[in-house]
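Going by TrEMBL, these are the annotated features:
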{"type": "TRANSMEM", "residues": "6-27", "note": "transmembrane segment"}
{"type": "TRANSMEM", "residues": "79-101", "note": "transmembrane segment"}
{"type": "TRANSMEM", "residues": "113-132", "note": "transmembrane segment"}
{"type": "TRANSMEM", "residues": "144-161", "note": "transmembrane segment"}
{"type": "TRANSMEM", "residues": "181-204", "note": "transmembrane segment"}
{"type": "TRANSMEM", "residues": "288-309", "note": "transmembrane segment"}
{"type": "TRANSMEM", "residues": "329-350", "note": "transmembrane segment"}
{"type": "REGION", "residues": "381-424", "note": "region 'Disordered'"}
{"type": "DOMAIN", "residues": "449-610", "note": "domain 'ABC transmembrane type-1'"}
{"type": "TRANSMEM", "residues": "449-467", "note": "transmembrane segment"}
{"type": "TRANSMEM", "residues": "473-491", "note": "transmembrane segment"}
{"type": "TRANSMEM", "residues": "545-573", "note": "transmembrane segment"}
{"type": "DOMAIN", "residues": "647-896", "note": "domain 'ABC transporter'"}
{"type": "REGION", "residues": "902-931", "note": "region 'Disordered'"}
{"type": "COMPBIAS", "residues": "906-918", "note": "compositional bias 'Polar residues'"}
{"type": "DOMAIN", "residues": "1003-1260", "note": "domain 'ABC transmembrane type-1'"}
{"type": "TRANSMEM", "residues": "1104-1133", "note": "transmembrane segment"}
{"type": "TRANSMEM", "residues": "1205-1226", "note": "transmembrane segment"}
{"type": "DOMAIN", "residues": "1294-1593", "note": "domain 'ABC transporter'"}
{"type": "REGION", "residues": "1436-1475", "note": "region 'Disordered'"}
{"type": "REGION", "residues": "1593-1628", "note": "region 'Disordered'"}
Amino acid sequence: MSDPDLLHEIIGLASAGLVSLLTVPALSDAWRTRARFGLGRGGYVQVGGGETDQDGYGDLDGIATEDSIRAFTDTRPRIAVWLGSAVGLGASIAGRVVALNGRGRNHVLLSEVSSWAELLCWALLCLQCSCLPVKHRYRARFRLTVFGLLSSTLIATSVAVRHGYEALASLFSRQEDTVALVLGLLDLLQLVSAVATALAFAAFSRRPDVYDKNGLVDQQHTVSLLSRFSFTWNRSIFDVAKERQMEVQDIPSLDYATRSKTLESKFLSKSLKGPFWKQLIQAYAAELALQWTLTLVIAFLSLFPQVVLYSFLSRIERSQGHASTDPAVFVWVLGLLLSQVLQVGVNNWLKWITTSRLEIPVGSLLQSLVFSKALKQYETAPPGQNVDKISKWSSQGDSKDASAKTGKQAAKKGEGKESETRQSVINHMKLDSTRVTIFCTYNNNFPMAIFKLILAGGFAVSLMGWLPVLCGLGAGSLMAPISSLLSRRYTRLHFGLMKYRDGKAHLLTEALQGIRQIRYSALEQHWESKILASRNEELRQYWKVGLWQCLVVFIVNLGPLLLASVTFFIYVWQNGSHIRASIIFTALGLFDQLDEAVALLPLLQMYLLEAWTSAVRLEKYFNQADKEPVSEPGDCIAFDNATVAWPKIEDTETREQGQEEQREARSMLRDATLVFPTAKLSVITGKTGSGKSLLLAALLGEVKLLSGAIRMPPVPQFNEGAEYIPESEWIIPQLTSFVSQTPWIESGTVKENILFGLPFVRDRYRDVLAACSLEKDIELLVDGDETEVGPKGVTLSGGQRWRVALARALYSRAGILVLDDVLSAVDAHVGRLIVDRALTGELARGRTRILATHHAELVLPHASYLVRLCNGQVESAELLSPQDAAAAAGAGSEQGAAVPVLPAEGTSTDPQNGHSTPAAQKRAKKEEEQRETGRVKWSVYKAYYKASGGAIPWLIGVCILLLGHSLVVARTWSLKELSQQAASEAMHLTSKAADMVTALVYTDEFVSQRVLGTQRSIFFWLAAFIVIEFLVLLVQVVRVITFFFVGLTASRVLFQRMTHAILRAPLRWIDTVPAGQILNRFTSDTFAVDRRLSNQIFTLLRTILFLAVIIATSLSVSVYVIFFGVFLFLLYVRVAREYITAAREVKRINSVSHSPIYDSFSSVLSGLSTIRAFGRTQSYMDRMYGLIDNSSKASWMLQLSSRWMAFRMGLLGALFVSVVACAVALSRVDAALAGFSLAFALRYTNALTSLLQAVTSVELGFNACERVLEYTELETEPEDGKDPPAAWPTEGKIEVENLTVSYAKDLPPVLKNLNFAVGAGERIGIVGRTGAGKSTLAAVFFRLLDPLEGSVRVDGVDISTLKLAQLRSRLAIIPQDPFLFSGTLRSNLDMEGVLEDHELLQSLKRVQLIETVEDSELAAGYPAADVTVVTTASSSAVLPSPGSETATEATVAVEPEPTIIEPRPEPEPQRSQENSSNIFANLSMPISTGGANLSQGQRQLVCLARALLKRPKIVVLDEATSAVDRGTDSNIQESLRKEFAAAGCTVLVIAHRLSTVADFDRLLVLEKGRVAEMGSPRELLLAGIRNAANHEAQGAVNDGAGDVEREEGEESTLRSAEGDEPDGTGAFWELVQKSAEKDKLIEMILGDEKDQLVAGTVPSGDQS
């Protein structure tokens, strides 16, 4: 018996044994089922864990619906399996019969037994078919079909190996052997049946479609193995993409194992130790092992086509001269096809496993961990967190230079620390997680290079000998240290580029945050220059990086060039004329593989360094200390000698005690001992910066406890997700809620913000809206309480945001309400209503309320506890006895009811923040980023073409590409000529040395000589190959430089246009678009335009040309290849069309799916204290899981569609290669030409896939360009107009004529027919109820709104005719919500750097930021009336004196004047002490973005100081001192009166505090968009008193009806009939009556005449 026969018999017996083993599970399952049959009630009983009954199915992924179960069927694969098995069994039986009759019995036992192996296998396979469970036993049936698939595969392998060659030989044999022919046909039938049966077993689906709460779950684990291996699941997205625009909901949800929540819990449950990168490797060791194993398989498979090519060409070489074709050639063609198909399949599965098991899960895990950590940390930028170091800086150096130098260092430190807080956390979320996942994607290239080096190198040695290969590897390795050195340098440059990008992103972020300040100050051009300067620095660095990249590419590719050149040279030297084409072209393919493997190593090194750096950064972040609990359990809220400070992330772990002692007083609250009464109202008051917010933060645990103790009631366990809560159980006394100083509103509806995750209770909700005076606001919103408020609540005014935040706290289940100055942003009368209904009404009953406020006079009558703070210490804390609550509430509700609650627009200087902008709110409803639909428009390509410089650079690029491809063809052709020449010449190398030298000298002429057909020697063609190889490399470098040039030229132009447009876009648009989306255009999309777009275009052109080269070279073998090429091209177009349609939509979803993660992350970080106070961290964690999963499933689907395409393109490519190989075999060309054509044909698969990927990449890349262009074409504010006179305005006169203003042409007017005039140097107070149009009027002066009718003239010049920049630069405004830019205090006060420090310090003194004894003495020199005002205000209004013996004594007196007017001298001496440590005395004090390290009041004062330095003729103050205490406000007003009067400024002040404007020259009273009255405060007050007296008399005659109407607020006293215009008189008096400062206002305005004028005219009920 021969060895092959013995091997065949062993294979037959082994296959029979294995199939027998694979049949055991089927028999076992059938036996168990039969044993249980009949035990149920007359039917089938379900077997298998995890499945429900035969009518249902569910697992961790989801639950099957009735429809999906009905749709599930396995009828077709069952029939196919039975047919295949039956045919195979029949063919096997027939074959045995024919063999026995034709050839007789075999007397060798082993041969006889093995001859029955296939028959036994088929019989067992039929048995397996008969044992398949019914379809509802999903898991058991699927498991057994896998065994059937393995059995069928074994049978097919056995038949192919044992009988395949004989069967093919019998078909091609010219001998007439009927038995052999019949047996051959039956064997082929068995083979076909086995393959068909295997495919049928693989076609059984695993389970029905399952659904989770979000819809259909990804079908990877649902479909059959056949569909899974061919990437044909989730076909629904292709259908959706054809029909309509795809939405994220159309993409199936991730399976359970890939969801971010599962990944995080699984990772944390392992409790891994060691460095974070090691933890990741341990957690994903199995996935990495599978990835590397498949990499090894691919390395083997990629070598196999070269083995087949060598054998194929060798057969051709041997068969030359023979008349007939060697049949074995076709066997190798079949082998080539199989190897290509296997390589395509495994390669795609490697990429899919890398994506689905490493890239996406690791990215989701890291983002989840970062967000989870952020929720446990201190808030990143609390007010005043940097002041302790500032105090140290301020004491260093007495000179200006020393101060400036220290300040610069401080600024750098401050910016550095800030960058490590909030911005750093977002970078961890975005940048670091991306870098780690990129390394997960590419890490297998390292083992790939090693495997290919070993395998390809070993095969090359077997072909060419060890000396050529060893010399070649030695020459190539010389470049390794050089390339490594250059790669490290390149990496450093790349990191430098990242710093420039971070700097640009910081500037852009700051510009977007401070866009209003930029607009008001006409700084658009200044900021555009700053941003573009930063951008130019980035591009310069990028160009440097590009040149270094070219150098790295050149050196890296020089290695393979030396490898091929030296190896061929030594090989030719050794063998002379004994050179074979099979070896030359096989070696060329091997060198190409080595080239591909080695070329990625520098890139991999960079990815490794980046990933390692990011892993270290993440580890450092995860190792930071979590927020420590600062409170102890207690029966009530109490401070026991507690000292607290704002936390600082940078020194939480390493701070020493010495550092604590150096903290500045304003950043700490020292030695506080307080006990807040339970279920009562407590009030905290004090000057600006005294520590009120710090005290509230201590209650919430958001501080660092340095000493003492804080006690809070422990929170009990309760059901957070309850859908129904009984009213009696609604309030949980130990829970807290919080309203922050800057109210935190998130994107969503008004209703969602108020409910905050709690169930909707209609009555409670209605009561909360009434208590917060929100009912009318909601009625006037376009969608009611379902109106989207936009990011940060931008579609609401400041007052509305405060009240929504308060409503959220009231609606909550919290028994402890912590409120930070909720009264600052509302008018006094609305504030009184909120006090009566919200803070002391029914909703507040039984709840502990702790309120920090500057408006203590409104709440003290209801307060039970008063805390005064001063300079970071508790000045006093005393119990109070509230007045009669019922009487106070009754009076308050009557007065409050007289206020028609209109939408509050008066708190913001931006008219676009108003309520009455339905268009803006409807736009804001679209939280998702806008996406284009369909194909990218030609206009986008055209715009990019123009931006990149037009035709010349593109023509140069195309010419370079043509030259490069010509050289590639010439290089391979030179090897073909070399091998042909070797076959015809029989001479040794040494005799041709002279020819070698000659060829090298005259290489430039070789192309023309080839055209002439002149034969050249071996040495000429070898030299030509080496020279051309080097030229190819040079052309490649030039091509890369051209890519860079074209891309950067276009990117520079587009970025400049986009920056110009964004800085001048309407504020309404800025408000309704999340900053994350705008930054995405400036970062991600700009990066794509910078780096990828031009490269992708040139790649597309290069791939098209290369595909044409491949087809052309294939035609050199046979022209008939073109027909098959056309057929394949049609299939290609069909696949491409489907893929591009779906991929385009998925890519667009993917490009916008990241923004919600970062927007939500930023929003949560800014509202972290609020979220934690409400106990909602887990809810936000779950929301983030959902956003991460949405982003992941978009990436998942994008990768799946890419694999779907690549798999099919690979199969088409394998068919093309096989057809070319068949054409070579049939056309009987020589081996050299065959090798030449096949060398290109083998690249067809990659070229085809690359072409489609390039087409898609270009289209998807232009999606980024499209998004950039969308922002370049935004509607901007007009830039035309005329220049005003040089010194305009010289006087400051303002004339408003017939002014009518609306937010949009289709909306009702907000200001109606306004007429008034302001004289030069006048101080005008603008007052009115909330919603009267005060801020809208201010916006008109700055042309943020253009009037429908009328005009505004300043010094006789119509402002609508002026250039916007000129207009705004000549006026000044201090908004209520001021913005400071990052830098120093000096740079914020003097942006141009032209003023002396003395001037800056004087300005700070004028606004009371620097207090001195001299200032106090100066104030004492004013007239007595003014002194009274100042003293009154500086003593915090109606606060009881600290000298009061008891709370009772402080509150017994009905009239509070004695305690109001009595001055408190205690703070005066402290001012001089404070100077030494006053943070504002140091002009180099760093200011963080937005002024986050200052309180709201301090920011307002800095802006006020900046306006004073500008010395404008017209100044508008819009609630510019609303967040400062009354004493500071009064002092500021006194200082401003002196400063502006001296400069002759016209001052317009919008005020809610009437005392702020009570001493102004005139008051403008607005009533529902009209001028109600205008005059001096005294005139208006007296006229109002007289009008009220007349109305009282008239009301008495009419049985008091009018008075009742006025008190109930049904009609204003200003109206004679409904709908009439105001008659003017009495509007100011009504505001005074409803003010908490009524008596003080009358005294301030009337002085000593107060008693005699008011006694007879004011109703007794109104006298307080």
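One-based numbering along the chain as shown.
Using the three backbone atoms N, Cα and C, a Cβ is placed for every residue, glycine included.
The structure displayed is predicted, hence computed values, not measured ones.
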Across the whole of the domain 'ABC transporter' (1294-1593), what does the mean pLDDT come to? Round it, please. 71
Determine which recorded stretch among 181-204, 545-573, 1205-1226 has the most C-beta pairs below 8 angstroms with the transmembrane segment (473-491). 545-573
Between the stretches 6-27, 79-101, 181-204, 288-309, 449-467, which wins on the count of C-beta pairs under 8 angstroms to the transmembrane segment (113-132)? 6-27
Other than its close neighbours in sequence, what residues sit by the transmembrane segment (1205-1226), given a CB gap under 8 Å and a spacing of at least six beyond its ends? 230-231, 312, 316, 325, 329-330, 332-334, 336-337, 340-341, 343-345, 347-348, 351, 1114, 1117-1118, 1120-1121, 1124-1125, 1128, 1131-1132, 1135-1136, 1139, 1143, 1234, 1237-1238, 1241-1242, 1244-1249, 1252-1253, 1256
Spatial neighbours of the transmembrane segment (6-27) not adjacent in sequence (6+ beyond its ends, CB under 8 Å) are 110-111, 113-115, 117-118, 120-121, 124-125, 127-128, 131-132, 143-144, 147-148, 150-151, 154-155, 157-158, 161-162
Same-chain residues at least 6 beyond the ends of the transmembrane segment (545-573) with CB under 8 Å of its CB atoms are 460, 464-465, 467-469, 471-480, 482-483, 486-487, 489-490, 493-494, 497, 579, 583-584, 587-588, 591, 594-595, 598-599, 601-602, 978, 989, 1018-1019, 1022, 1025-1026, 1029-1030, 1033-1034, 1036-1037, 1040-1041, 1044, 1048
Non-local residues, at least 6 beyond the ends, that sit with Cβ under 8 Å of the transmembrane segment (79-101): 115-116, 118-119, 122-123, 125-126, 129, 132, 148, 152, 155, 179, 182-183, 186-187, 189-190, 193-194, 196-197, 199-201, 203
Please indicate, using numbers and ranges, the residues of the same chain that are 6 or more beyond the transmembrane segment (144-161) and have a C-beta under 8 Å from a C-beta there. 8, 11-12, 15, 18-19, 22-23, 25-26, 29, 77, 81, 84, 88, 117-118, 121-122, 124-125, 128-129, 131-133, 187, 190-191, 194-195, 197-198, 201-202, 204, 225
